[in-house]
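Copied over from Swiss-Prot, here are the features:
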type	residues	note
REGION	1-63	region 'Domain I'
REGION	64-142	region 'Domain II'
REGION	142-146	region 'Flexible linker'
REGION	147-197	region 'Domain III'
Amino acid sequence: MFEYLNGKLVKISPTNIVIDLSGIGYLISVANPYAWSALMNTEVKIYVHQVIREDAHSLYGFVNESEKALFLRLISVSGIGPKSALAIIAAADNEGLINAIDNSDIKYLTKFPGVGKKTAMQMVLDLAGKFDATGAVGISLLDAAPAGNLALEEAIEALQALGYKATELKKIEKKLEQEAGLTSEEYIKSALKLMMK
């Protein structure tokens, strides 16, 4: 089983993205593929879940561990498969979904593709009260993007090793995030220029 993949995002299609990792392209189904567009041709970290069936081996990808945890909880419900779970995650505000489950809001739950009244009731029965305050509430892809930018992470670690404080680096991190696709060295040079201003 895989926990996550670090690789270059090389392709986006309506239902999948492709991550190139050491010359192998991994086809990964994700909730909102085009939300990954800003990270095209950059190194990303994507959390994955592998589903092995008789006729296929499939990878499902997530922005963060919370989104993956939500997916795993959803597929544990009878009547919800991996594709339905991804559709629910794509269509939902995760916090609203969790509140609907905890408050037995069947009407809200039946608005999702493939979720009828019976499945919604099963979701409430199986999942109500099983989410902690942080356990499965997702964050947006843009919030998670810096975690997926390995070159930027390496640059920040290198600057900290050189003695720069985390508070100093936090001030310029947003500006650096806007410069997608740079190497670690280029991020370091850019950071030093920003701190000299």
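Cβ atoms here come from the backbone N, Cα and C positions, even for glycine.
These numbers come from a predicted model, not from an experiment.
Using DSSP to sort the residues of the region 'Domain I' (1-63) gives these counts of helix, strand and coil: 7 helix, 38 strand, 18 coil. Under DSSP, residues within the region 'Domain III' (147-197) fall into helix, strand and coil as 39 helix, 0 strand, 12 coil. The average pLDDT for the region 'Domain I' (1-63) in the predicted structure is 93.
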